[in-house]
Amino acid sequence: MTSYHALTEAEAIAYARSIPNLFAPDSELSSREIGDGNLNLVFHISEPSTGRSIILKQALPYAKVVGESWPLTLDRARIESEALMIHESLCSDLVPHVWAFEKELALTVMQDLSDHVIMRKGLMERNRYPLFAEHISRFLANALFYTSDLGRNQQEKKESVKQFINPELCKITEDLIFDDPYRNADTNNVPPAIMDAVEHIWNDKELHLEVAILRNSFLTNAQALLHGDLHTGSIFIKQDSTKVIDPEFAFYGPMGFDIGAVFANLLLNFAAQEGWSADVHSRADYRSYLLATVKDIWTRFEGEFRSLWNRYGVDRMSKTDGYQDWYIQQVLRDTFGYAGCKMVRRVHGLAQVADINQIEDESAKERAQRISLQLGTSLIKHHRRAVTIDEMLELADKAIN
């Protein structure tokens, strides 16, 4: 079973049985394939007699959404498992535990999170998660600070940059987020009802300049180890627990890209609320909750990040008066811009979001799409002038009024 091939359920069970200290050798195990992503097989292996269970995740050599014509590196499985292990060392309660990694099979064995729900689904059901802002801000602050030149020896960090060179998956991001949505590309999936708004984006040269600036930073600024795809489909959640999953896009890039991804997905749900509630007051209340969450995340992130810097910063020059304020300002501005890019691509790019696409009423869906494009482009155009997180909330309110 050591040469690469896509596992069958029987082979997944056999592999799970071989892992020390998980299941008894003669235990009865069951398997079901639960993956709904584009890039992987995911097996849920359980032992009915004890209730014990694990997840086996195997990378596929192509994107399922496209097929074998779009090959993908299997090295992303190594990147994902190593990123999860780093994240577990920094905030063990906020990521799944990795039991094993099998390089030849591109296979990661990890903690089962079946008692959680995918956050995107939870938000579509209009649930509220009172601990999420604290959890995700702590994850971001620790994961970004301790993998940056601020919190780690610069030479060791450079070795880590080499470890997480991820050109194939970065190219997906470079194309699908920073290029294709701004031209008439084959990968786009443009809803006919909003073709006018999309064509405006294709022809907006001011917008293209700002996207090019953000793309340049993504390409060149190896600031910290990023998750690389931190949307609400990459977060498992319940009332008292948050788990960040799927860092197969991990690489060293600008911090604001990860923070912006979280905000973009909260704001996409914000934009879609007319499709999920017919009650005006209920809708307004949930939108207020989402915006309050955005502000709470940034406020907590900034406070935790500054605290880590002041207590554990390893770079002498980073203690220079005014440098910390400048640095945080740049991260905030990047956050605005990348949040906007993430919103735009989810409306008419290759991979869209259920928050909008599963709205049944066509007029409500169109409104959600137009709000998302307006807010996304506003965030992009404003990003180099951003001073406080409140400006993001103001732009969001303006987009729905």
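A Cβ is built for glycine as well, from the same backbone N, Cα and C atoms used for every other residue.
No curator has checked TrEMBL annotations; they are predicted automatically.
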Record-annotated ATP site (TrEMBL): member among K57, K205 besides N40, D246, P247, E248: K57
Collapsed DSSP category at R345 (substrate binding site): helix
Cβ neighbours within the same chain of R345 (substrate binding site) - under 8 Å, at least six residues apart: L176, I177, D180, P181, A351
D229 (substrate binding site) and E248 (ATP binding site), distance between Cα atoms, whole Å: 8
Nonlocal residues around K57 (ATP binding site), in sequence order (Cβ under 8 Å, 6 or more apart): G35, N40, L41, V42, F43, A77, E80, L107, T108, V109, M110
Residue pair D229 (substrate binding site), P247 (ATP binding site) - Cα distance, angstrom, rounded: 7
Neighbouring C-beta atoms (10 Å sphere around the C-beta of D229 (substrate binding site)): 20
